[in-house]
Amino acid sequence: MINKNEQTESTSGAAEQKEDDEEQYVQLSSLGEYKDEVTPLLSPKHVPLVLGKVTKEAAIATHSALHGGMSEEKERQIRDIYDRLDIDNDGTIDIRDLTLALKHETPHIPANLAPVIMSKMSPDDEGRVDFYSFSSYVLENEQKLAEMFADMDRNHDGLVDVVEMKNYCKDIGVPLDDHKAQHIVNKMDQTGSASVDLKEFQEFMMLYPSSDLKDIVDFWRHNLIIDIGEDSQIPEDFSQQEMQEGIWWRHLVAGGAAGAVSRTCTAPFDRIKVYLQVNSSKTNRLGVMSCLKLLHAEGGIKSFWRGNGINVIKIAPESAIKFMCYDQLKRLIQKKKGNEEISTFERLCAGSAAGAISQSTIYPMEVMKTRLALRKTGQLDRGIIHFAHKMYTKEGIRCFYKGYLPNLIGIIPYAGIDLAIYETLKRTYVRYYETNSSEPGVLALLACGTCSSTCGQLSSYPFALVRTRLQALSITRYSPQPDTMFGQFKYILQNEGVTGFYRGITPNFLKVIPAVSISYVVYEKVRTGLGVPVCSRGGLEDIHQFLPCSIHSIIQFFFFPRTFLLTISGRSLRVKPVWRSHFSKFNK
């Protein structure tokens, strides 16, 4: 028999267990509308949760750890974000959910960072993130971001403005000019106050996998070195610290490799362009297809790559000279301005001057490239050096600088118009469609960049055509033509009209899309292999979206200019402008 003491102890134990369960229920009641998902833990020993089965004690301990210092409102905010990231609504976030969410919910954070973010959220490498792990990540990240914000807020007014952003970035070795600092502030600012508070800063950077400000600023600051088959006039900017750490040469190597592969893959377009520039006229009408057949019949498939070797070889010296000159010119301008940052116009001038210097240095290779592209089968049987010696013997040193003047003059309109139209399109987009953001998303930016580059080529193409004709003047088989720039302009205008200045422009445009795409992919691969940190505005997964975007933009620009702005606005391209409020919609 059970004595009274044992019965009393049993009754007392049951009462204590009941009180514990009631206390646990009270703790769980803070979940609000979600308590029904957790309260079944009070009855069975094991219950199904998002990651299988856990014990009641473990679940309650998890809840206590998670909600010990969190308000119900904060919990609701995090739960709302979690539900939005859970694309397939299965109660967990996996790599597919996160990748899709980054693309559609937070385009300012590249989707190629999804694996890094997943590793931060789920350090156990389980491949799935439950609500507790996500909440822990958010709370920890917010704390780190709060400390970072406090460091930036120099006057302790709870706001970070452009001046504070510039000063802090300068202190950590990543100086910003006024334009870039303003861009970063405007990107995070949701109220139009020209400053950022802690809440805006945390919301904007909530999912970014690094809490180090240098990484964050580098992430915004860099632009990809994309080779579109034409020579870029404005080199990339690098901070003093990046120069010391050797990041600059890795970017240049990646850009050079990307350019080499891109130019080799699109060499047939380039040869067709050069051939049409020199040989097409009113009396000798040639189109892309007729030129394609003619070149193939004369030399076969291999003939389409004539001149490509020297076109690739000149990438290295041209890039190196341009970069060194640009860096020295910036230093000279900075020395005269003191502590004031270099403006966009000054960078344009420095870049154009650096481009002119580099072009002057490697211009003989440019002339040889044109001559080699126009040669017939059997005309280069003893190598490039012998070919250059033959040119020198027959025409003298001046032959290596034929067409130099139009080439030099063409640099200014190309670089200036490219930059001006890019900024104009971007501002127009922001003014009409992005009221709370200073810059569109990656697809709209690529569309703007493609079209600004197209306009730059349109403006400078007559100079490029005259340059090519002057370079090939001694080997042309047609009637004698003027051997000066102004004489060529007059000759073309009188004999062929305005359209004569745009011979060969079709293959020039056709090569833009494959050139950009190939260069982008190769650049990303080489940069990653060299250990350069990810700091671009997108990843390889954006390529398949960029292709139709760019093609459509070019077609719209030429044939439907009035509707072009509607295209880049995201209506025709179906670019969802969800980035305008970042994560503010999660708190509605």
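The backbone N, Cα and C atoms fix where each Cβ goes, glycine too.
Same-site candidate for Ca(2+) 2 binding, as annotated by Swiss-Prot with Asp153, Asn155, Asp157, chosen from Glu147, Glu164: Glu164. The feature transmembrane segment, as given by Swiss-Prot for the ranges 58-71, 212-225, 352-365, 464-477, sits at 352-365. Cβ environment of Asp86 (Ca(2+) 1 binding site): Thr92, Ile93, Asp97 lie under 8 Å away, each six or more residues apart in the same chain. Following the DSSP three-state reduction, the secondary structure of Asp97 (Ca(2+) 1 binding site) is helix. Helix, strand and coil residue tallies for the domain 'EF-hand 3' (140-175), in that order: 23 helix, 2 strand, 11 coil [DSSP].
Residue counts for the domain 'EF-hand 4' (176-211) by DSSP state, with H, G and I taken as helix and E and B as strand, are 18 helix, 2 strand, 16 coil. Neighbours of the Ca(2+) 1 site: apart from Asp86, Asp88, Asp90, Thr92, Asp97, residues of the same chain with C-beta atoms within 8 angstroms of the site's C-beta centroid are Ile87, Asn89, Gly91, Ile93, Asp94. In this view, Thr92 (Ca(2+) 1 binding site) is surrounded by 21 other Cβ atoms within 10 Å of its Cβ, with every protein chain counted.
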